[in-house]
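Here's what TrEMBL has on this protein:
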type: TRANSMEM; residues: 6-28; note: transmembrane segment
type: TRANSMEM; residues: 40-64; note: transmembrane segment
type: TRANSMEM; residues: 70-92; note: transmembrane segment
type: TRANSMEM; residues: 113-134; note: transmembrane segment
type: TRANSMEM; residues: 154-178; note: transmembrane segment
type: TRANSMEM; residues: 190-208; note: transmembrane segment
């Protein structure tokens, strides 16, 4: 695979990465609760991208393209998970407001951030379809398809993780600078509501298809 092709793919990944989606708001929500958890969510999202790249390389993700029913089930499951994340975050925000800022840090762990980021990406079939549609255009036909697909997956994961890390750091610095619990609470609830709304929208659009 040539360097220009890899750069072109990285540029495409960068354009998609900066487009606000569930992973962006998820990282924002965890960063507001605990800076390290936001970075963990970024890493989890990157791992999720690599898992999709592996699925495409092994031909498993082709099931999404061939079976409309499987695709619908995965989309609905992903939507339900986003709703769960949003509702859970709203409940946690109310609890944090009652117990103080220390509770926010204590109850938001690196592990929970990482798992949420990974599951959010794994349960988003659009990531798999992205690789199915785009990877063949960059993978040469002279063999090593699995290795080249995983390489593209690694590039996508690195680009996405870099962008989400910037989001996490900016959110963390903004909260440290403001030092206003009311602002933290408001932003935390807004990001949680957006996650839930994205989940509801995903399910509604899937049901209408």
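Cβ coordinates come from backbone N, Cα and C, glycine included.
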Dominant neighbour of the transmembrane segment (40-64) in 6-28, 70-92, 113-134, by Cβ pairs under 8 Å: 113-134
Outside the transmembrane segment (113-134), six or more residues from its ends: residues with CB under 8 Å to it: 9, 12, 16, 22-23, 26-27, 30, 34, 36-49, 51-53, 55-56, 61-62, 64-65, 71, 74-75, 77-78, 81-82, 85, 149, 152-153, 156, 164
